[in-house]
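Q: I'd like to ask you about the structure that follows.
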Amino acid sequence: MEQRNQTPISEFILLGLSEEGELQPLLLWLFLSMYLVTFSGNLLIILAIVMDSSLHMPMYFFLSNLSFVDICFTTTTIPKMLWNIQTQNKVITYAGCLSQIYFFMLLAGLDNFLLTVMAYDRFVAICHPLHYMVIMNPKFCGILLLVSWLLSVLNSLLQDLMVLQLSFCTQLEIPHFFCELNQVIQLACSDTFFNNLAIYLASGLLGFIPLIGIFSSYSRILTSILKISSSGGKYKAFSTCGSHLLVVSLFYGTGFGVYLSSAASQNSRTTAIASVMYMVVTPMLNPFIYGLRNRDIKLALKKLFS
């Protein structure tokens with residue numbers, strides 16, 4: 001076992017996606033471009049919903065919150081990565097690393113819960129259309145959002161506090177472009193059993209249970225759609241939830257892809273590259289999915305620009 005530090009550590013080293021010098025300018029401009037597209041695209045969705053009174057509905061209320069979370073999600077990691085590439089300084093402070101872990105867990109959890117709530121919203125809209133505005137009233141929507149925030153805050157706070165209890169070895173290099181929780185725990189010299197247990201429990205309770213809720217909602221939606229006699233009615237029902245279903249597939253598909261790549265490969269750098277998909281690419285594509293597939297959003301964006 002490596003020698004433990006006798007004094008509290010002050011910093012970690014983020015190795016990033018590649019250590020090849022000739023690739024750094026390419027990575028800088030690539031991730032800067034993706035970040036700017038993500039920021040501006042999601043900001044436009046928020047402005048379109050806020051400015052258009054016809055979009056002041058539960059579905060778009062949750063969509064605007066999802067866009068806000070996606071902006072914060074990428075802002076948690078990408079600016080620091082760009083700064084490290086530009087300055088050629090891979091250091092992140094201990095406090096900065098803990099902050100990244102906290103906000104990453106918080107915002108990933110919020111993404112997860114908001115997608116679940118949006119699936120429930122589509123279930124009520126399609127399966128109980130006459131009671132939609134009664135069930136999805138402003139008070140209930142506020143409660144759903146508040147519960148999502150509370151669960152995400154509690155989980156991220158628990159994970160962060162458990163990392164604080166760890167003692168770290170002299171090897172403090174993280175083979176990632178941000179402080180990913182599993183990678184940080186692997187650097188610890190002290191026992192990490194309870195940290196790993198907390199991760200597994202959180203993944204099970206806060207990950208798979210919402211996913212089951214999404215599958216349950218869409219299975220009932222599919223059953224209701226198949227009962228519609230007219231093809232026009234079926235198309236309209238499918239179009240109202242098609243965008244959300246595509247976003248759900250991207251979020252969970254890329255997330256499981258990262259998990260499978262980390263399980264199949266011992267190369268942490270491969271996992272870091274795979275994680276770009278759900279951390280950067282998915283939030284960047286969300287505005288395009290809703291903007292191109294949702295007629296109401298397209299009309300609101302035209303009004304915003306005109």
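Quick reminder: no glycine exception, Cβ is built from N, Cα and C everywhere.
Marked as domain 'G-protein coupled receptors family 1 profile' by TrEMBL: 41-290. If you look up TrEMBL, you'll see 26-50, 62-81, 101-120, 140-158, 197-216, 237-260, 272-292 marked as transmembrane segment.
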Q: Please tell me whether the transmembrane segment (197-216) and the transmembrane segment (101-120) touch - that is, whether there are at least 3 C-beta pairs under 8 Å between them, with each pair 6 or more apart in sequence.
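A: Result for the transmembrane segment (197-216) with the transmembrane segment (101-120) is yes.
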Q: Test the contact criterion for the transmembrane segment (26-50) and the transmembrane segment (272-292): 3 or more CB pairs under 8 Å, pairs 6 or more apart in sequence, then answer yes or no.
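A: By the criterion, they touch.
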Q: Quick check: do the transmembrane segment (101-120) and the transmembrane segment (272-292) share at least 3 Cβ pairs under 8 Å, counting only pairs 6+ apart in sequence?
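A: Touching, no - the transmembrane segment (101-120) and the transmembrane segment (272-292) miss the threshold of 3 or more Cβ pairs under 8 Å.
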Q: What mean pLDDT score does the domain 'G-protein coupled receptors family 1 profile' (41-290) have in the model?
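A: Here the mean pLDDT over the domain 'G-protein coupled receptors family 1 profile' (41-290) amounts to 89.
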